[in-house]
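Asks: Among the features that TrEMBL reports, domain 'Aminoacyl-transfer RNA synthetases class-II family profile' is placed at 31-362. Residues or ranges marked as L-histidine binding site by TrEMBL: ASP100, LEU101, THR102, ARG127, GLN143, ASP147, ARG296, TYR300, TYR301.
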Amino acid sequence: IAKEVAKLLEMKAQLGGDEGKHKFVLKTPKGTRDYSPKQMAIRERVFSAIINCFKRHGAEVIDTPVFELKETLTGKYGEDSKLIYDLKDQGGEQLSLRYDLTVPFARYLAMNKITNIKRYHIAKVYRRDNPAMTRGRYREFYQCDFDIAGQFDPMIPDAECLKIVHEILSDLQLGDFLIKVNDRRILDGMFAVCGVPDSKFRTICSSVDKLDKMLWEEVRSEMVGEKGLSPEAADRIGQYVQLHGGLELIEQLLQDPKLSQNKLAKEGLGDMKLLFEYLTLFGITGKISFDLSLARGLDYYTGVIFEAVLLQQNDHVEELVSVGSVAGGGRYDGLVGMFDPKGRKVPCVGVSIGIERIFSILEQKMEASEEKIRTTETQVLVASAQKKLLEERLKLISELWDAGIKAEILYKKNPKLLNQLQYCEDTGIPLVAIVGEQELKDGVVKLRVVATREEVNIRRESLIEEIRMRTSQL
């Protein structure tokens with residue numbers, strides 16, 4: 001058989017069969033996607049709302065390379081480090097694709113000896129994760145980060161980060177949301193008084209972080225069964241991590257005989273109390289919950305941590321349940337010092353908006369509402385009513401472009417007027433500027449409003465002003 005196959009292959013090679021006919025697999029790589037003009041229109045709307053909010057709070061913008069030296073990223077993400085994409089060595093440097101925007105930001109601060117900045121950064125990041133596309137989890141996705149770096153009085157920048165999350169989620173009208181807040185020091189203090197050995201803090205922390213997806217019983221059995229924690233310690237943790245509330249809970253824990261003896265927990269609770277006082281002044285405590293189960297997996301957090309979740313009515317029980325996180329962040333005071341040759345610390349607090357999750361929600365909403373989404377911003381179509389007027393159309397559109405008006409024409413010498421009007425209907429262009437022989441003689445242009453079909457003759461020299469006036473009201 002092998003001989004016969006070899007013979008056939010040889011004959012096939014002589015016939016010069018399928019060369020140049022290589023069949024392409026037409027798909028995007030696993031965990032990535034293309035965005036259609038409609039999807040991009042939604043994304044741009046969201047980006048501009050977020051950027052406007054960041055700018056309203058006085059942030060500057062920076063950018064960093066899409067890949068970093070591998071050593072820059074290693075050891076900063078705890079158990080998630082295995083999800084970093086390493087690149088093939090291409091000339092003497094071991095590189096990896098950035099996993100988030102926070103570590104590159106810390107590297108940027110240390111490298112440029114910056115001790116004080118308020119910045120935002122919107123860019124793609126990469127994770128070798130198992131994608132769940134329907135839930136907005138990808139291997140390549142955008143992050144929108146806002147961070148305040150510098151030595152300031154406690155909790156003022158932290159409160160502003162929470163205010164920003166509140167503003168953005170209210171503005172985007174995604175539905176009801178809740179911002180959960182905790183503090184790494186309260187968690188560590190709680191672990192200490194519950195009898196968790198130091199070496200197990202981080203790994204127990206990542207178990208606690210699963211409480212929004214798993215029941216306490218399952219988390220407890222992971223701690224005891226897989227991570228070797230004593231059942232007594234797990235039960236003590238259980239008494240705390242199921243608590244959530246506001247100022248009254250903070251007061252209650254400050255009186256807690258065990259926690260109040262722990263220096264870290266006491267510091268964390270003191271700051272949490274201050275934070276809630278500022279949030280009360282901002283008028284947003286209705287959407288904030290101090291939640292002792294919030295742990296956020298990343299290793300670099302040192303103080304306040306927070307996460308915003310969207311809520312939906314649960315049909316079985318009359319209560320709101322979380323349907324996923326759409327923003328998260330916290331204070332990371334030690335990260336810049338890790339990169340600084342002299343170990344100089346730059347305190348930082350920041351927030352990351354989960355833009356992909358927000359996009360999937362808005363896309364679903366748009367589909368459900370069947371709202372027509374415009375994918376271009378064209379203000380006016382330059383059309384003609386008779387034949388042989390291409391030159392006049394080109395002259396007029398050139399004038400409009402030079403004046404900064406967004407305008408289009410159909411790429412035909414003699415298009416039918418009906419087709420030109422239909423194009424405006426299909427793409428949502430609000431105005432048509434019609435040139436005809438009579439109009440040219442009279443020195444006017446006929447301006448038609450697509451929605452109402454009303455037509456007015458406008459003097460050629462007033463056309464630009466008229467278009468600006470009419471489109472500013474849309």
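Glycine is treated like the rest: Cβ placed from N, Cα and C.
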Asks: Please identify, from the binding-site residues ARG296, TYR301, the residue with the sparsest Cβ neighbourhood, meaning fewest other Cβ atoms within 10 angstroms.
Replies: ARG296
Asks: In this structure, which of the binding-site residues THR102, GLN143 has the fewest other Cβ atoms within 10 Å of its Cβ?
Replies: GLN143
Asks: Are there any residues in the same chain, six or more apart in sequence, whose C-beta is under 8 angstroms from the C-beta of ASP100 (L-histidine binding site), and if so which?
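Replies: Correct list: TYR77, VAL125, GLN143, ASP145, SER352.
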Asks: Looking only at ASP100, LEU101, THR102, ARG127, GLN143, ASP147, ARG296, TYR300, TYR301, the residues listed as binding L-histidine, what is the longest Cα to Cα distance in Å?
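Replies: So the binding residues stretch over 21 Å, Cα to Cα.
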Asks: Please average pLDDT over the domain 'Aminoacyl-transfer RNA synthetases class-II family profile' (31-362) for the predicted structure.
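Replies: Mean pLDDT across the domain 'Aminoacyl-transfer RNA synthetases class-II family profile' (31-362) comes out at 89.
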